[in-house]
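Here's what Swiss-Prot has on this protein:
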CARBOHYD  Asn36  N-linked glycosylation site
CARBOHYD  Asn51  N-linked glycosylation site
CARBOHYD  Asn74  N-linked glycosylation site
CARBOHYD  Asn152  N-linked glycosylation site
CARBOHYD  Asn164  N-linked glycosylation site
CARBOHYD  Asn260  N-linked glycosylation site
CARBOHYD  Asn359  N-linked glycosylation site
CARBOHYD  Asn404  N-linked glycosylation site
CARBOHYD  Asn493  N-linked glycosylation site
SIGNAL    1-25  signal peptide
Amino acid sequence: MVAFSTISGLGALSLLFSIIESVDGVSLKVSTDGGNSSSPLLYGFMFEDINHSGDGGIYGQMIQNNGLQGSSPNLTAWASVGDGTISVDTTNPLTAAIPNSLKLDIKPDATGAVGFTNEGYWGIPVDGTEFQNSFWMKGDFSGEITVRLVGNETGTEYGSTTFNQSSSSDDYTKVSVKFPTTKAPDGNVLYELTVDGESAQGSSLSFTLFELFAQTYKSRSNGLKPQLADALESVKGSFLRFPGGNNLEGNDVETRWKWNETIGPLENRPGHQGTWGYFNTDGLGLDEYLYWCEDMNLTPVLGVWAGFALESGGNTPITGDALTPYIEDVLNELEYVLGDPSTTYGKLRASYGREEPWNVTLVEIGNEDNLGGGCESYAERFTAFYNAIHDAYPDLTLIASTDNASCLPSPLPEGAWVDYHNYNTPDELVKQFGMFDNVDRSVPYFIGEYSRWEIPWPNMQGSVAEAVFMIGLERNSDVVKMAAYAPLLQLVNSTQWTPDLISFTQNPNMVIDSTSYYVQQMFSVNRGDTIKEVTSDSAFGPVYWVASSSGSSYYVKLANYGADTQEVSVSIPGMSSGKLTVLADSDPEAYNSDTQTLVTPSESNVQASNGQFSFTLPAWSVAVLTAN
């Protein structure tokens, strides 16, 4: 990610600082007394596998179509090398979950290297760390195998290993190797596996369930890619909602996200057809999500299936007694997550290496059940799941998947939260600045998904509008408990939804921090625990603000949703110095992409005169003043 820069004087963004007694423009006075408690979970993440954000994205495994899974297995991403042919073999299952393999038929007169390549997910990022590769093979073979990472166009080798291996036609043998790499200049790299054709003439070998990992985040087995994980860690979010989203619901009952098919050894995970146009391996499964939360200090928000698929697919919604097995499935999932190792599913979790229960306190029942024909039945379905879960786990906080009162039971059970999703235009986001000012404080809100939408990349106008909306949320963070921008990640080469918070390609160092990413980072990193009263002679618009404190530190967040600069003074009694972080561009259409980085935040140290900070807020800008 791009680090903040420190400037003085005019600087890169033409920031003007002066110490004066008064200014014309927006004058704010922050109270140092009292205030409302602010949710400690306010800023966080929503994740589902969209835009290859999981497979091919933050999930560290790099071989595409690695288990030849799905209802129509094919050779996507695979190609033959030398005197051999490859095909999908459906007759040599590794397990019930991995029924197919890649068959290599070596010609009777073969010479030279014979094998196959895999192109990864639109490339393979070779970062210079040690790589780990494993696969399963079957067939009568004894000899050398060579694994290489090689430039697709250049032929340059970035890592390789040659080793002796034997296998038989009786059963599969698992092969695991490690090898050093040198950093590749781009992601146009192939994984290549070959044998000596002359010594293996006429052989037929089957291979399946390939795994290729570089160094992972926190060195977790089957873990995350560090570059993307580090970008998220830098936001200092407080929660992770998973596994969706539409991908939780599925297109029908069969393709819903099935928690019990995402746990344990990879050879026992069949994967499922995702809702965003591609197959999900589920290598990033329930435990991996929870390790992600643990390693990044995030509170899990576990979504559970609630009897409804997208657009009422697959004879859903399911109601009445027909819901019983699905309620039992959720209770089994929660026992797996929360149960003591003496319980059936707690014991299963322990057998997979996690003895202690996971720290899960928030569970969301369904996803967007107000849409696609789910509303009419949701009150019944929510109540059935709520009662069963609450009876078994009374300390869990349960979240409804909508705030639409016509879809919810009346009254809503005490302690339940509601979820509001908001994809909108910039102007509409700004109009919603005060939408939570007068809501019922007895019903907490989760803003599970929001962003400006329908443009290729986040731009300054949209990001400032999001900041205005977020300021409105933070002002009401006694009742708004959590909020997450969505979607979170995007592989530029395979995209189903834009804009996205963080985009990436497989080229090294190609993590694209958007303007919206910087807004999220600025707001999340600079958080108080108490929202302070701010008085002003000015009305909100085009400048919007919120102030908070934590101990002796104060945070004032501002957004200028307009083309004119604004003179601002902020008075905080007792404060003498601070730091001003500003994200701005005079062009509201300015954006960062895979070909340009136009907008990054700048920081400057500022001094106060008698507790008053004065500065110029640029056009189309978001700013955070931190004072102490």
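We number each residue from 1, going along the chain as drawn.
The backbone N, Cα and C atoms fix where each Cβ goes, glycine too.
On a predicted model such as this, the values are computed, not experimentally measured, just so you know.
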### Message
If you compare CA-to-CA distances from Asn36 (N-linked glycosylation site) to each of the glycosylation sites Asn51, Asn74, Asn493, which comes out shortest?
### Response
Asn51
### Message
What does the structure give for the C-alpha distance between Asn164 (N-linked glycosylation site) and Asn152 (N-linked glycosylation site)? Integer Å is fine.
### Response
26
### Message
If you count CB neighbours within 10 Å, which one among the glycosylation sites Asn74, Asn404 has the smallest count?
### Response
Asn74
### Task
Find the shortest Cα-Cα separation between Asn404 (N-linked glycosylation site) and the glycosylation sites Asn74, Asn152, Asn493, and name the residue that gives it.
Asn493
### Query
Tell me, how many other CB atoms lie within 10 A of the CB of Asn152 (N-linked glycosylation site), whichever protein chain they belong to?
17
#### Entry: Chain-internal residues near Asn359 (N-linked glycosylation site), provided their CB is under 8 angstroms and they sit 6+ positions away
Glu294, Thr299, Pro300
### Task
Using C-alpha atoms only, work out the spacing between Asn51 (N-linked glycosylation site) and Asn493 (N-linked glycosylation site) and round it to an integer in Å.
9
### Message
Below 8 Å Cβ to Cβ and six or more residues apart, same chain only. Which residues does that give for Asn493 (N-linked glycosylation site)?
### Response
His52, Tyr121, Trp122, Gly123, Thr505, Gln506
### Message
Name the residue among the glycosylation sites Asn36, Asn51, Asn164, Asn260 whose Cβ has the smallest number of other Cβ atoms within 10 Å.
### Response
Asn164
### Message
Helix, strand or coil for Asn260 (N-linked glycosylation site)? Use DSSP.
### Response
helix
### Query
Reduced to three states, what secondary structure does DSSP give Asn74 (N-linked glycosylation site)?
coil
#### Entry: Asn260 (N-linked glycosylation site) to Asn152 (N-linked glycosylation site) - Cα separation in whole Å
38
### Asn152 (N-linked glycosylation site) to Asn74 (N-linked glycosylation site) - Cα separation in whole Å
21
